[in-house]
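Just below is one structure, and these are the notes that go with it.
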Amino acid sequence: MFSGLRGLEWNVQFTVYTYIGYMLQGLEGDVNVKFLLTGGSLVKVRSNNWKKNRFFKLQEDFRTVFQETHKIIGRKNTFSIDDIDTVRQGRHSEGLEKYTDENMEDRCFSVIFKNRRKNLDLIASSREEAAYWTTGLEKVVRAMHNLSRQESSEHWIFNCMRKADKNHDNKMTLKEMKNFLRTINIEVNDNYAEMLFKKCDTSKSGTLEGSEIMHFYSLLTNREEINVIYSKYACTGGQMSAEDLLKFLVYEQRERSSMSDALRLIEKCEPDETAKENGHMTKDGFLMYLQQAEGMIFNMAHKDLYQDMSQPLNHYFISSSHNTYLMEDQLKGPSSTEAYIRALMKSCRCVELDCWDGENGEPVIYHGYTLTSKVLFKDVIKAIKEYAFKTSQYPVILSLENHCSLEQQKLMAHYLRSILGSALVTEPLGDKMPTHFPSPQDLKGRFLVKGKRMNKLDSFFSSSSALEEDSVSEEDEAANVKMPGEKPKSKSSKMKLARELSDIVIYCKSVHFVSFEHTRDTQAFYELSSFKESKALNLAKTSATAFICHNAEKLSRTYPAGSRTDSSNYNPVPLWNAGCQIVALNFQTPCKEMDLNQGQFLPNGLSGYILKPKFLRNRATEFDPNRLTRGPWMQKKKFHVMIISAQQLPKLNKEKKNSIVDPLVKVEIYGVPDDKAEKETHHINNNGFNPMWNESFEFTVFVPELALVRFMVEDYDTASHNDFIGQYTLPFTSIQNGYRHIHLCNKRGHVIPSASLFVHIMIMDLQ
């Protein structure tokens, strides 16, 4: 009926769209999705003077959105659904707030992209049409993100084949086959290409067509390593029975599975209805299982909230941002409410507000003594109110760096109270003076202010009169950076503090650190100190046990050195090892340190809170991460990793069709110094599509509760530093045994579609 690429297209499209239909169950008749497929005109907003009508339409492949363009010839007029991070209804982008009127609120929406691409700010003709667009896009984005990796891979491979067919004759010549292989990141020598071509060209016609292309496709997508594993356990008529699958789950994956678990996986993953009815799993179903969440390296049981959230606040690591308002560098980069939204949507639970006097009596946020742009304090608080609890319901700490006059401080306090309302903690919980922090559970949906306070917390429970204003020491991180000719204020200088702002600082009163002995004797539990990275790292190295004991009672915040004008980051691991809770990083900068932060806070429902190990919560602990001794922290493990293969690694230079990656894999362990280790595979020449290593490594992990494991794939370069391809980081305690896929992430922490590693993991006790 069909031949050549048309036959392959029918086969792949049938599979893909059938699966899309499965993933979009209930959406086939959805009015929102139907509206998107019809398309419509929207006003695209860039500035006050640039508001243009443009036609937008969801394409039939459910993967791309067409957008009308009127300017540059050759400019791409579609964007991918995979590139969409979120869809925001209302005037919740900086552009829409600036360039639209409040009466347009219910007609506005923004498409936020994962990469550095600018937001797409749009206005619909009516409230109803805006709802169609936002609801429809959200549903399609969610459904397409959940698509099987196998199906998306097949669709991608077919599209690459179709592009290689230059004359559109639904046949493939040897030259077209070579171009296709380069497109999918494989470079083969002429002899191998010719051998593969001849193997498939059974008609000897000099072109591949019909069943020959299907044969070539099956050879290309075949996973030899999966075949070997499957054949070992497929003991029932060439297929896996439920009993066979259960044996695999127990003996290879080392799971505590039951027969009902095996049958559930068959029901979920098996595409062949006959096999499913017989309680069997085919090889396709087995591969599907290995590509689902159940087959990933990350323990599914840790995906949702699983830790005790009723401990005092200082018993948790808290995902924290430094200079949250900045989008780029610390000297002249833009400040934006968008930076707060992005951090909060990544489960950041402590954001920084660097507050200064602004024009017209309005306080502003920016990096003092620099050329960074300014954003209104009230606009930031509105954005925080809107997005604080969309990803996590657990408390958000607002870390105030206050450099404002008394009048503008009073206005700050007014905005905090009026905008945040009852969600702002303005007095201690309970009816008596607390002796320890409330828990994240107690504070769900609440905001805490960190800043200076005139008096002690027990003033709430006494009749002492309150001062209208007072002088307090000024903590000034901005003093670390100054413009030429500027003389920053002394860190030990005094500043006037308004009572209105002082009174809303409850559980996070900023105080200067003197020594651990001093804080132990004089510092209340709610008084916390901030440490710049050099001081914090020195204490973590020379006085680790004292630092841990301090953090078992109190909160500590650390932040990057002022010399990091490029918004680079410091290593957070030694400070987590010392029990520091608020380890603030520059969220806007993609780097290894942010990979570690993302990995640290990956479990526990993306709550932004991770319960510290018990030995970091004990005020009498003897744990020293730098000099290990026997104790409850020592749970020695043998960590065996086999790097088997990778799938569909991205091309780094898409402009050069002959540019193929030479991938290698690094396995890195971060934790206490004795656990720090790194090993790497050999590189494989010219194959980013399906490289295979089968290399094994062994590590000894002494303190697994503090260890993070980072898998990194690089493009080998003999003449310079290797180039980053992708990575994945997770806590050692969240790793699953057995044969596992690892979804790779790009530099900004977003999953790279179809790119993965396939590994075998074995963790054994050594005690």
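Glycine too: its Cβ is placed from the backbone N, Cα and C atoms.
According to TrEMBL, the feature substrate binding site maps to 44-71, LYS450, LYS452, SER530, ARG557. Shown in sequence order, LYS51, LYS52, ASN53, ARG54, LEU120, ASP121, LEU122 are the residues of the chain, 6+ apart in sequence, with a C-beta less than 8 angstroms from the C-beta of LYS44 (substrate binding site).
Residues or ranges marked as O-linked glycosylation site in TrEMBL: SER203. Listed in sequence order, GLU209, GLU212 are the same-chain residues at least 6 apart in sequence whose CB falls under 8 Å from the CB of SER203 (O-linked glycosylation site).
For HIS322 (active site), the Cβ neighbour count at a 10 Å cut-off comes to 28, with all displayed protein chains included. Sequence annotations record features per position, and here TrEMBL assigns active site to HIS322 (among others).
Sequence annotations record features per position, and here TrEMBL assigns Ca(2+) 3 binding site to ASN323, GLU352, ASP354, GLU401. Counting every protein chain shown, the Cβ of GLU352 (Ca(2+) 3 binding site) has 25 other Cβ atoms within 10 Å.
The feature active site is assigned by TrEMBL to HIS367 (among others).
The annotation region 'Disordered' is assigned in TrEMBL to 471-494.
What TrEMBL records for 501-617 is domain 'PI-PLC Y-box'.
Taking a C-beta cut-off of under 8 Å and a sequence gap of six or more, ASP717 (Ca(2+) 5 binding site) has these contacts in its own chain: ASP662, ASP723. Among the features that TrEMBL reports, Ca(2+) 5 binding site is placed at ASP715, TYR716, ASP717.
Cβ proximity to the Ca(2+) 5 site centre (mean Cβ of ASP715, TYR716, ASP717, cutoff 8 Å) flags the following additional same-chain residues: VAL661, ASP662, PRO663, LEU664, HIS683, GLU714, THR718, ASN722, ASP723. As a whole-number mean, the pLDDT of the domain 'PI-PLC Y-box' (501-617) in this prediction is 96.
Between the listed binding-site residues, namely ASN48, THR64, ASN323, the fewest other CB atoms within 10 angstroms of a CB are found at ASN48. Counting in whole angstrom, GLU68 (substrate binding site) lies 40 from TYR716 (Ca(2+) 5 binding site) by their C-alpha atoms.
The two recorded residues, THR64 (substrate binding site) and ASP354 (Ca(2+) 3 binding site), have Cα atoms 40 Å apart.
Proximity note: of the listed recorded positions (ASN48, HIS367, GLU401, LYS450, ASP715, TYR716), none has a CA within 10 Å of the CA of HIS322 (active site). Counted with DSSP, the domain 'PI-PLC Y-box' (501-617) comes out as 50 helix, 20 strand, 47 coil. ASP715 (Ca(2+) 5 binding site) sits 37 Å from HIS367 (active site), counting Cα to Cα.
Nearest Cα neighbour of ASN323 (Ca(2+) 3 binding site) among the listed binding-site residues (ASN48, PHE56, GLU60, TYR716): ASN48. Put simply, of the binding-site residues ASN48, PHE56, GLU60, LYS450, the one whose Cα is nearest the Cα of GLU401 (Ca(2+) 3 binding site) is LYS450.
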